[in-house]
Amino acid sequence: MAAILRKLSHAIASSAVPAVDGDRDDHEDFSTELEYSFAIEYGGPPLAYDIPNAVPVDLDQIPTAAPVSSASLLHNLLLPVIQPIAKSNPSNKKPREEAKLESDAKPEKAIFSSNSVAPIALEYRNGEKGVSTLSDKLGSSGKLGFSCRLSGSLEDVLELPDDGQEAQGFQSYMSPGNWGSSESRSSSRSLSSEVFSGREEAGEDETPHHVKRPSTVTFRDPDSNDIVQEEEFELSDGDENVQVRPRVERNGTKGSCFRCGKGNRLTDKEVCIVCGAKYCFNCVLRAMGSMPEGRKCVTCIGFGIDESRRKKLGKGSRLLKRLLTKLEVELIMEAEISCQPNQLPAKLIFVNDEPLLQEELVRLQGCRNPPKRLKPGRYWYDNVSGFWGKEGHMPCQIISPQLNVGGHIKPEASKGDTNIMINGREITKLEAFILQLAGVPCEGKLHYWVNADGSYQEEGMNKVKGKIWDKTGIKLVCNVLSLPIPSDCANVSADEMNTQNSIEKKMPSKLVLVGYHKSGTSTIFKQAKLLYNVPFSEDERQNIKFMIQSRLYSYLGILLEGREWFEEEYLLEKSKGKGQLLDESGSSGNASQLNNKTKYSIGPRLKAFADWLIKAMVSGNLEAIFPAATREYAPFVEELWKDPAIQATYDRRNEIEMLPRPATYFLNRAVEISRPDYELSDIDILYAEGITSSNSLTSMEFSFPLSPGNSNLDPAYQRDPSLRYQLIRVHHSSLGGNCKLVEMFEDVDVVLFCVALTDYDEFSVDGVSMNKMMASKQLFENIVTHPALDRKDFLLILNKFDLLEEKIDEVPLSRCEWFLDFNPVTSQNPNSSNNNSNNPTLAHRAFQYVAMKFKRLFRSLTDRKLFVSLVTALEPDTVDEALRYAREIHHWDEEVPRLVTELSSASIDASSSA
Ligand SMILES: Nc1nc2c(ncn2[C@@H]2O[C@H](COP(=O)(O)OP(=O)(O)OP(=O)(O)O)[C@@H](O)[C@H]2O)c(=O)[nH]1
Ligand SMILES: [Mg+2]
């Protein structure tokens, strides 16, 4: 491609430079500035809407000005003269072969216009690639010698729709490229609309220096990682903490659009949140694509944002609103706020001179009263009083106290010079003024302790001398002087404050939930939210909805792969002469055999979509495409779903191993889910895989309502319903190598370790293939033996019992090397659902056996007792019981002295198997 461009740049340069002005320097300058834009004619399946069209220009049709006759000019009057398009001068003509594509394709149509942009229209005809270059065109017409500029570039031809056509325009830009033939698929990379700055001096094998431009078709090619490659980076001040970000080059003058170089400072533009490049209305979609991470140039995807723009995250702009529909803008804003690369980087936040660790940042942001508008920078934090400020400045906020984040506070943290120390920090003059107003002695060198509730005492003395915030007028003065006041007490009385403080002191008991891949931790967490009425925020609901919509496409992709196998299998059988047997459709089988059609065959339009979807899925790019493009493909989903071949495939879904279990639930409602107005139900939330796409740590606070009468729990275990609990769900992968990060849970009360009972014959697919039960066991060992969890209570949740019941009769438990000695005495009636201890089902025996294996393992590692609970995460009662059990374990622990004589370990065992 580079060679072709160089040839083109020769061709264009030689033609664009007037014959009379053969100055070589001019020529080179001109050619280095040349830019080319490519487009190909859409050859995919028919769409329900118009797509931009590259209209060929017939050179003969271009109106030209008649030459001004010199006779008509007045003597000595210099007028600008428009030169006509003249017949070519063969001596200036580039040899046609030189500019010809290696493919030898026959050019059919071409459009060319250049000042600095030379777009070239590529065409596909039956998979045959063709390109019309300038020299082709001129060669065929035998004409050359432009001295005037053809008006309108191809980009202008492919102009974005005006306001009235916004949605359609965006759809067109979000089309999956060329879905046509397999050839066109393989060359879909050339769909990218790239604008190259061609450099004459580039050597044969060198890639020309180019500023990569976003694709007009806004999806990444599934095969290509090109658009995230970046050639130039800048380091700011050599600070290793500062993330390297792509640098952008502007084509035009200051204030102009970074892409087309047009416009000025007053033109409405959209700004890339990473590199600051600004794009005009016409260029923004080309430059930013489908915006999977919000408003970023495609080359900036994956990079952290420019922190000075953080406060703009999620705030839609006028320009986007003009360009896209409300839903599309919402989607993009959502992605902008929630995607991983846009999150605040912990290491850029220094608290008391120390950079934060990720878990410290989580703690800081997740506390009851977190710092507002936190951004990278240096802060001080007095964790006794909760005062928080920027390094070298007076406090700006009072956040939750007692947070274990950052280093120790320094006396000079706020650059105070008053000789008055509060909790180890020398306070500023304004703070000293407030203390005086509050009646606190401020003469001489003083050291005070100030608590979060404003009570103060002199260092070394054991007597509270008073409360700063109690005095009337203090808060008002603080407000006037821009000094912070505790947020809780702004509108509440002292009494209320005391109550609040005492509640705050009653920190919730912490239950941490962890398990190996797909053990069911998210499902249990979501079930708990539903059970204890902890609402999903609008954001969470949106995230889950988008996740379900995205996953739907991967389920469809898997189904479509299955369809291919079934079709191939059918044809193979047919070629062996067995087709007749396989075809259940009787006489129509003969007709379909004649044209190689099977009941698994789909039409070309769906085939093209299927090919594209499978390719995107295999290359792992579906997440970048969906859910942004959900709306675009909803009609295809409907068409696909109704197709008999897909239904025939779906009927054989049990044979498609890759199809996860929840797929059936969602595929059954594929059409409804794919629609933009799809409304999420609680059951959908439960069945959705995961919680959000990026969450590795999720937490909720709740209390247990009084147990309903039919609860299996002994009423003696009813507890104060106002007691608070925090359930923290951690994805095992976020615990780091050897579960190092478990140490952030050293203050948890009970660890809930979740194991999927069905894992015994399954193998993990990522990394080294390993039996999932063995992997679970390994994770269990790592966590249990972690020093931070020494002597913690563990509750083993054996999950997916419903699935175990289905599986155990088919697949023996001894498939897992750890369970080789499982030798149940088969019951009289293996299908009986009776699970009492006299006649337990095979699944129950298996559960008891697995529980026993883990208990023994736990004892061998800790010399302590492991508690076990049997759960089916999709059934609320079992989750409720497991969590209430965890609560009991925690409180038993607190009440050991009283309970130790009452509770024997036998009763614990009994309740665990219940
Ligand atoms: N039938 C059935 N399905 C379950 C049960 N628990 C979980 N699942 C399904 O198993 C799959 C994995 O569950 P998740 O809750 O996402 O598991 P996870 O531990 O969060 O998995 P990660 O993605 O590794 O975090 C989902 O499709 C769930 O719907 C269960 O008790 N019964
Ligand atoms: Mg999950």
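Residue positions begin at 1 at the first shown residue.
Just so you know, glycine gets a Cβ as well, placed from its N, Cα and C.
Curation does not apply to TrEMBL; its annotations are automatic.
If you look up TrEMBL, you'll see S522, S694 marked as Mg(2+) binding site. DSSP assigns S522 (Mg(2+) binding site) to a helix. Every protein chain considered, the tally of other Cβ atoms within 10 Å of the Cβ of S522 (Mg(2+) binding site) stands at 23.
According to TrEMBL, the feature GTP binding site maps to N799, K800, F801, D802, A873. For F801 (GTP binding site), the Cβ neighbour count at a 10 Å cut-off comes to 21, with all displayed protein chains included. F801 (GTP binding site) falls within a helix when secondary structure is assigned with DSSP.
Sequence annotations record features per position, and here TrEMBL assigns compositional bias 'Basic and acidic residues' to 94-107 (among others).
According to TrEMBL, the compositional bias 'Polar residues' annotation covers 168-180.
TrEMBL lists 181-194 with the feature compositional bias 'Low complexity'.
TrEMBL lists 197-209 (among others) with the feature compositional bias 'Basic and acidic residues'.
Positions annotated as region 'Disordered' by TrEMBL: 86-107 (among others).
Taken from TrEMBL, the feature region 'Disordered' covers 167-224 (among others).
Here the Cα atom of F801 (GTP binding site) is found 16 Å from that of S522 (Mg(2+) binding site). Listed in sequence order, the binding-site residues among S522, N799, K800, F801, D802, A873 whose CB lies under 6 angstroms from an atom of ligand 2 come out as S522. Close to the recorded GTP site, the chain also has G520, A756, L757, T758, L798, L803, L804, V871, T872, L874, E875, T878: residues not among N799, K800, F801, D802, A873 whose Cβ is within 8 Å of the site's Cβ mean position. Binding-site extent for GTP: residues N799, K800, F801, D802, A873, maximum pairwise Cα distance 9 Å (rounded to the nearest whole number). Of the recorded residues, A873 (GTP binding site) and S522 (Mg(2+) binding site) place their C-alpha atoms 9 Å from one another. Between the binding-site residues N799, K800, D802, A873, the minimum number of other C-beta atoms within 10 Å of a residue's C-beta occurs at D802.
D802 (GTP binding site) sits 17 Å from S522 (Mg(2+) binding site), taking the Cα positions as reference.
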